[in-house]
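Copied from TrEMBL, the annotated features are:
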TRANSMEM  46-70  transmembrane segment
TRANSMEM  90-116  transmembrane segment
TRANSMEM  137-162  transmembrane segment
TRANSMEM  206-230  transmembrane segment
TRANSMEM  236-256  transmembrane segment
TRANSMEM  293-313  transmembrane segment
TRANSMEM  333-353  transmembrane segment
TRANSMEM  418-447  transmembrane segment
TRANSMEM  459-480  transmembrane segment
TRANSMEM  486-513  transmembrane segment
DOMAIN    665-729  domain 'CBS'
Amino acid sequence: MGNRVRDNQRDKACPIESLDYEIFENDLFKQDWRSRKKIEILQYTILKWALAFLIGLATGLVGFLNNLAVENIAGFKLLLTGNLMLKEKYFQAFFAFAGCNLILATAAGSLCAFIAPAAAGSGIPEVKAYLNGIDAYSILAPSTLFVKIFGSIFGVAAGFVVGKEGPMVHTGACIANLLGQGGSRKYKLTWKWLRFFKNDRDRRDLITCGAAAGVAAAFRAPVGGVLFALEEAASWWRSALLWRTFFTTAVVAVVLRTLIELCRSGKCGLFGKGGLIMFDVNSGPVLYSTPDLLAVVFLGVVGGVLGGLYNYLVDIVLRTYALINERGPGFKVMLVMAVSILSSCCAFGLPWISQCTPCPIGSEGKCPSVGRSGIYKSFQCPPNHYNDLSSLLLNTNDDAIRSLFTSRSENEFQISTLAMFFVFVYCLGIITYGIAIPSGLFIPVILAGASYGRLVGRLLGPVSQLDVGLFSLLGAASFLGGTMRMTVSLCVILLELTNNLLMLPLVMLVLLISKTVADCFNKGVYDQIVTMKGLPYMEDHAEPYMRNLVAKDVVAGPLLSFSRVEKVGVIWQALKMTSHNGFPVIDEPPFTEASELCGIALRSHLLVLLQGKRFSKQKTTFGSQILRSCKARDFAKAGLGKGLKIDDLVISDEEMEMYVDLHPITNTSPYTVLETLSLAKAAILFRQLGLRHLCVVPKTPGRPPIVGILTRHDFMPEHVLGLYPHIDPLK
């Protein structure tokens, strides 16, 4: 059917709806717009900025508390393990370490499996899909927000090779959605003064601000957060949104700065500064020669190859885990527990292979780290020695990255240690992503990239002027570019992380090379996950085969439409028997001389109109009466799960024979295209305008006024190639 908005392949599961980003210009909207006073317009403008401020404030607080909780929980676990190791109670140390990890992992897995399955994973693909116009079930619900926050804390503290940065993006989007819809009626959290943004267009802008705030809170990178939203998350952008997004991330930066200053007094627990990343890279002059540039090119190529392989393996693991997770919540939790035990065994077992290293000269009092956080873990080593591999494995991920990025001593980590740690992080990062916990990919990728970058730096030490800390940063950049395929935003995030602008040319070069190489193999990891989840994402370009088809080739009939004045029973039956969300409204004689397209009426508006029972026994136009008795806010979009359903309506048999005038709720200026328009052009138009419905009209007169309606589903490759299997997808 031409106006179907959910994929037939997913009808058995929950429906994937499209969002109405288009301004729906019906008579009610026009009446409301004309009647607005200057004070109401000012109130709306002020509220948009107030909400941006609240999103930044809330996301900054959550990001800080998230870091603080992870550092204190993980710190307690690591100090307990270290103290037992000092007493040579090795078995007790292992069981304490693995037991704490297992308890935390089970808590995170149970939250995801039983309360909010949508909270599993990083959440960036889901946010990206929402901003593209896809409304999958519960991806921004309050329960998802709750599980995302606490599940991420437990999962990261449990020692998994995951990060909290991806989940922070999802958390920021959930906070923005909660504020934008005025709270949650289900959880008794409602604020009437916030219920002004009851449309998808305004919520989209707020969620874009939330996603940017999440990156800013995770990395302390406000400009990087704005660029991340622009480059990766948002499908539509405009200058007004740029200002508000920048304001939101600035609020996050101020909140984090203030809270970190409060923590410098040592009142924030074991780790003092809240665990927020600020990597210390050598800030001296960055001098490089031709061999150094060749080394950077080599890093970029290796990062692209490894990134492409990483994405390929992640895709296989996700599809395998999907088969296990489909068997129920219990199996999800058992899979989490199994990966937790594997991670604990590797993290505790591998350091026994590594040799003990004498403490560097001048590190007295710092090496080895006893009874506190530090990068020199003694593990099983004698006094004044440290185990470099345990310093990476038995530490928080943030501290491990700090250690790899440091330039204090080139020989701080042995070549064999860096090689083992790279293999450990690379493999466990792939195995861990996809289990039922909130898990980000940024940190595993940075860890793997930093370890092989430092390894290359050690090997090229005699011929290179760059120190190993800078090689580590460039390795992380190359692997990030190879997996995520972002350039500008990653470049700025890394520079904000390391506070070193001198590295800009080299970081730009390595990102461009790694992305170019990786694009030869597959798509970015987030694009792969969107495809794997079956989300009907509209790309910013048309597929090559679409130029061989026209719009009428993919719309299907019979098309279900209504007259301007339609019988109530006909509308009720259509809503009952179909799941369509948009219906063409046709002006017919005697109201017009000939049949013509009046516009489109939405399902949600039809339900509200029927519930109000504004009917007439005569088949006449009475739209002016409806305009006097209704307000635009009556037809505003409800929050998650609050909208009317057809089963909520109670209509008598007598009312079924009455008539209703649909003109007041009909969008009389829908976007239309000729049936002979290239499908490629229609796809670009549909995506760039953020449409939900695109009307296809006939080219020749004397035919019905509408041929069909194009929706997101009609542009999906599986639909088009299913209709025309003989078409070559690459031509």
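A Cβ is built for glycine as well, from the same backbone N, Cα and C atoms used for every other residue.
Below 8 A, the CB atoms of the transmembrane segment (137-162) and the transmembrane segment (418-447) form 3+ pairs separated by six or more positions in the chain. Within its own chain, the transmembrane segment (46-70) is flanked in space by residues 149, 152-153, 156-157, 164, 168, 171-172, 175-176, 179-180, 194, 196-197, 202, 205-206, 209-210, 213-214, 216-218, 244-245, 247-256, 259-260, 263, 268-269, 274-276, 396, which lie at least six positions past its ends and keep a Cβ under 8 Å from the stretch. Across all of the domain 'CBS' (665-729), the predicted model scores a mean pLDDT of 92.
Counted over residue pairs 6 or more apart, the CB atoms of the transmembrane segment (90-116) and the transmembrane segment (459-480) come under 8 Å in fewer than three pairs, which marks the two as apart. Same-chain residues lying 6 or more positions outside the transmembrane segment (293-313) and placing a CB less than 8 Å from one of its CB atoms are 426, 429-430, 445, 448-449, 452-453, 456, 460, 464, 466, 471, 474-475, 477-483, 506, 509-518, 520-525, 528.
The stretch with the most CB contacts under 8 Å to the transmembrane segment (418-447), chosen from 206-230, 236-256, 333-353, 459-480, is 333-353.
For the transmembrane segment (459-480), the list of distant contacts is 279, 281-282, 286-289, 291-292, 295-296, 299-300, 302-304, 306-307, 310, 401, 404-407, 410, 415, 442, 445-446, 448-453, 486, 490-491, 494, 498, 500, 503, 506-507, 510-511, 513-514: same-chain residues at least six beyond its ends, Cβ to Cβ under 8 Å.
Distant neighbours of the transmembrane segment (333-353): 93-94, 97-98, 101-102, 105-106, 108-110, 113, 158-161, 321, 324-325, 377, 379-380, 387, 389-390, 393-394, 420, 424, 428, 431-432, 435-437; these residues of the same chain sit at least 6 beyond its ends, with a Cβ under 8 Å from one of its Cβ atoms.
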